[in-house]
Amino acid sequence: MNVRKRSGKVVPFNAEFISRAISLASAAAGEHDEEEIASITQAVTEKLQALKEEIWDIETIQDTVEETLFEKKHYQTAKAYIRYRLEKEKERASADWKEGILSQEFLSPYKHSPNPMDQLGAFVYTRTYSRFLPRLGRREFWWETVCRAVEYNCSLAPTSREEAEKLYDNIYHMRQFLSGRTLWVGGTPVADQYPMANYNCAFTVIDNFSAYHDLFYLLMVGSGVGVRVLKSDAEKLPPVRTDLEILHKSYAPLAPRDRLEYTDLTFSRDTATLAIGDSKEGWAQALTHYFDIITNREYRGLHRLVVIYDSIRPKGERLKTFGGTASGFGSMMAMIDKIHKVIAAAGSRSGTQWVSLKPIDLLDIANIIGENVVSGGVRRTSEIGLIDADDETCIQAKSHLYRQVNGRWEIDKTIAHRQMSNNSIFYREKPTRENLHWHLQQMRYSGEPGWINEIAGTKRRPNFNGCNPCGEILLDSHGLCNLTTLNVMGFVSEDGKLDRKALLEAQRLSARAGYRMTCRQLEMFSWNTVQQRDRLLGCSLTGWQDMVNATGMTRDEQIGLLEELRETAHKAAKDIALRLGGNVPLLVTTIKPEGTLSLLPTVSSGVHYSHSPYYIRRIRITAADPLCRVCEDLGYPVLPEVGQDPQDPTTKVVEFPVQAPSGRVKADVSAIEQLENYKMFMEHYVDHNCSITVHVRDNEWDEVEQWVWDNWDDVVALSFLSYDDSFYELMPYEAIDEAEYERRRAAMKPFNPSLLSRYEREETELDLGDPECAGGACPIR
C-alpha cells in the first residue's frame, strides 16, 4: 500500500500519520482516548484497503478519516479535524518555502512525525523556544524550530549538507542542542540585526564608563553579563560631578513616523537636552551621553540636563523585532533618576563637587541598569557582580534588602535593584581558614556571596578576569561565549548500551557548530576583537548521571569517556579553525547548569543527580500566559502560587510527573562525592569551569570546608545549597512513590500546542528564566 503525496512523490503507507492527526484533533476537542484512537485508525485503514487501489492520494485518506469520525459519533473530534485540514490548506497556500541546506524531502519525515518530547518537554519547549509565526497565526512546531536554528548555524561558515542533516537529526531527537539563545533567535531578523543576541554569556570589567553602555546593550539583547567592580577597577574611573540638575520633560508620545531612532544631544548655554531615541541603540546612547556629561570637564559650564522621552513608544505597544510589548518611558526615566541619586549620594558622602565612585556605587549602577531591563513585566536580566574579599560594603550589599514596617517584612525600595545580581568574592589569593569558614557559613544560610578563585582560573587561561553569571565560562573583559550541549543519555539504548561512536560524532558536530557561531561579525568593535582572538567554545554535557545509572559505568570508565570527549572536541575545534583560517579556540569544554534544555528530553541536568526515582516537577508560569490556559484545558494540575489570591493569582504552578532511570539519586549521594565529581570533570573534561550546586546536609559542612581548603588551588567556583528534605507547599521538586507517579501519568493527556490558537493571536512576552533556579536568575540557555 502506497500514498501519493501532494508533491507527486509516492511513499509507503504509514498508519502512524493517521493516528497522530486523530490524536491531535481529539485532544483539541477534549475527547482524547488512546484505545479509541487506535480503533478509529484501524477502521480508517480497513476502509482504505477495501478500495482495492494500489496508491491512495492524501485527500482520499483525509476524507476517509472524516467519514469514520462521524460514523463513530466523535463529532467534536471531526470538527477539530476539519478545522485542522482547513488550517493546513491555508498554510500551504501561503507557504513561502526557501530551500536552504536542508531540503523539503529531508525534512518531510520529521514534519509528519509526532513530537518526540513528553508533556513536560513539550510544555517547556513551547514556552521557551517556539516562536510565533504571524503569517500562519500559530507558534512553531519542534521540527520548524530545529530547522530554523540549524539553517542559521550552518549558514555562518561553509557546511556540507551531510553535516547539517546529522546535526538536525540529533537535535530533533534531543541527543544534542545548539545554544538556547540560537534556538530562540537563530534565523530571525534579531540574529542579523543584533548578532550579540546569540550569546549566552558575557563579561566586562567596570573600569571605564563605556562599560555601562555595553552592559545595557547586552542585557537588552538577552545575554547574561558578569561585571567586576574591584577597588582597583574603581580607581581607574575618572571622578564624576555631583551638582548637575536633571529635569524630566513631561511625556508627550510622538507618532511612529516622528520618533527618533537614535538619541540626540543638543546644547543651549548652560543646558543640555537629551532626546532619547526609540531603539536599543538609542537607549544605550542615552546612558553614554549622561556619563560623558558628568565625567568630562569640558561640560563643566552645564548646569542642567533636560531629558525628553517623547520618542519612546508607549507601554504595551508591540515590539516587532524581539516580540512582546514595550515597557514604556517610565523604566528609562526611573533608571536615569536612580543612577543620578547614586551619584548625588556619593557627593553627599564626600562633600565635594567632584567625587570618585566606590565599588558599591558601580555595583548599584549595574544593578539599576539590570532593573530597567526587567521592566515591562518580564524578567530579562541575569548579572553577577565580582567584588573584593575585603570590601565589606559590597559583601553586605543585600543584607538589608528587607526591613520591618508595622510588623511586616517589606523590601527597601531604595536598594531593591540589588536583587538583580548574584554577587561573588573574586579571591586573588587563598583565604585564611577562618575566612573560608565564614564564607561557607554565609553560603549555607543565605546563599551569598559566592566566590570566584582567580588563582584556579588563571591556571586555565592567563588572562582570566571574570566570568558569566552562572560561573562556568572563564572570560577576559569584553569576552563572549555561545554554548552547545550533548545529552549523553540520548545515546543510551533501552537495554543500557551506550552508542559511543555516535556520541563522539555528536561531540565533533557540537564543537564545529560552536565554532561557526564565532564567525559572526559582532556589532561592537572591542567585543568582536576579543571574540576573534579567543574563539571560545562551550561544549557542555547533560544527562550524565542518568547515563551512568542506565549503563552501570564505573568511575574509571567515566574518566576514560570524559577524556575521549574532550579530545574529540579539541580536535574538531582545531580542524575547523585551520580550515576556515581563524584562531584555534583558547578554551573548548565546559559544563553549564543545563536547567532549561535538560527539561526537553527530561534528563538529569549537567553533572547533577535526578531528584528522586519518581517526583513532581513544578514549573511557574504567568497566569495570563495562553500556555497556562492550554494546560488547564488539558486537565493538567494547575495551582495558584502560594501566598497569592487563589481566585486571581498572577502566577500559577503547573505539575508534571517524572520518572528517573533506575539508580542513584540526589538523596543517595554525599556532598564529598558531589565535590569529587566536580574534581573528576575538571581534571578530565572541562577547560572552563564545571557548574555545580552541591547539596550539603547539616552534618557535612565541616567535611566540605576541609575538602575546599585542600583543593583550593584547583577550584574555580562552586555553589552550595543546604540539603533539605522537609516539605513546603509547591516545591519545585517533590518526591512521590511509583503508584502516585503512575496515577498522575495516566491522567496526563498529550500536550497539544494547537490549542494555543484559541487564546493566542500574537507573540506573547518571554520569561527568560525560572526563579526556582538554585543559582539565581539565568538567561535562556
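Glycine residues also receive a Cβ, built from the backbone N, Cα and C atoms like all the rest.
Per TrEMBL, these features apply:
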| type | residues | note |
| --- | --- | --- |
| ACT_SITE | Cys470 | active site |
| ACT_SITE | Glu472 | active site |
| DISULFID | Cys201-Cys481 | disulfide bond |
| DOMAIN | 1-92 | domain 'ATP-cone' |
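Annotated features, which come from TrEMBL, shown on the structure.
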residue	record	Cβ within 10 Å
Cys201	disulfide bond	32
Cys470	active site	30
Glu472	active site	29
Cys481	disulfide bond	31
What's the CA-CA gap between Cys201 (disulfide bond) and Cys470 (active site) in angstrom, rounded?
9
Measure from the CA atom of Glu472 (active site) to the CA atom of Cys481 (disulfide bond) and give the result in Å, rounded to a whole number.
10
Secondary structure tally of the domain 'ATP-cone' (1-92) (DSSP, helix then strand then coil):
64 helix, 9 strand, 19 coil
